[in-house]
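These notes are about the structure you will find just below.
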Amino acid sequence: MSNSTTIHNDGNTLFPIVLSIVAAAATGVLWAYANPIQLVPGVIQWRIFAFLPPLVGILLGRKSGFICGYLGTIIWSLLAGTFIPAHSLLIDGIMVGLTGLIPGILFDPKTTTFNRATLIKIAATCLIVGLLMVAAVSASLAYLGIFPFWWAVMYLGLSDIVPMLIGTPLLVVPALKILKGAHPSGFTRF
């Protein structure tokens, strides 16, 4: 299972920026409206699309992954009616942005062969970054008096880490092939 796809560095720089903003909007809308399982009705849903920020980070670059996670969180919180300025703009937005940024730093399609070992490393990265994000967001929610810390850790962990852990390594190779087919002249990761 050795899949290698090259993304050129001398291509279009606007493409990943625009695509990351579109992905952020899609992320926010999908998180707000396409979550089939309510873990805590009206508050925490099983966000089956939580894999989007790390996937965008790997495919389009670390800044694109951060934009997808950060703006996706803001859009989601506004649409879902859960926007809390200090929490959403600072803790939640930044920490979810990091779930896109860190995989984008560690896995560059230009230099990475996406074999089984790499996909396991992607899953491990999503787990570690997800745990850090969940801990910070849970601490913020506990500080604001919204949820007890360990209660938030449990439900946010189910909500976000499981889809990132499964979805990102499962979809990175097919998404990379689609992206290369859609933009064969290449683009600069952002």
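Numbers here mean position along the shown chain, with the first residue as 1.
Cβ coordinates are placed from backbone N, Cα and C, and glycine is handled just like the others.
Those TrEMBL annotations? Automatic predictions, nothing curated.
Owing to the predicted nature of the structure, the values given are computational and were not obtained by experimental measurement.
For 12-33 (among others), the entry in TrEMBL reads transmembrane segment.
Per TrEMBL, the feature transmembrane segment maps to 39-60 (among others).
The annotation transmembrane segment is assigned in TrEMBL to 67-84 (among others).
Beyond the transmembrane segment (90-107), the same-chain residues lying 6 or more positions past its ends with a Cβ under 8 Å from any Cβ of the stretch are 50, 53-54, 56-58, 60-70, 72-74, 77, 118, 121-122, 125-126, 129-130, 132-133, 136-137, 139-140, 160, 164, 168, 172, 189. Per TrEMBL, transmembrane segment is recorded for 90-107 (among others).
Beyond the ends of the transmembrane segment (119-143), by six or more residues, the same chain brings 51, 54, 58, 87, 90-92, 95-96, 98-99, 102-103, 106-107, 149-150, 152-153, 156-157, 160-161, 164-166, 168-169, 172-173 to within a C-beta distance below 8 angstroms of the stretch. Look at TrEMBL and you will find 119-143 (among others) tagged as transmembrane segment.
The transmembrane segment feature in TrEMBL is assigned to 149-173 (among others).
At the 8 Å Cβ threshold, with sequence separation of at least 6, the transmembrane segment (12-33) lacks contact with the transmembrane segment (149-173), having fewer than 3 such pairs.
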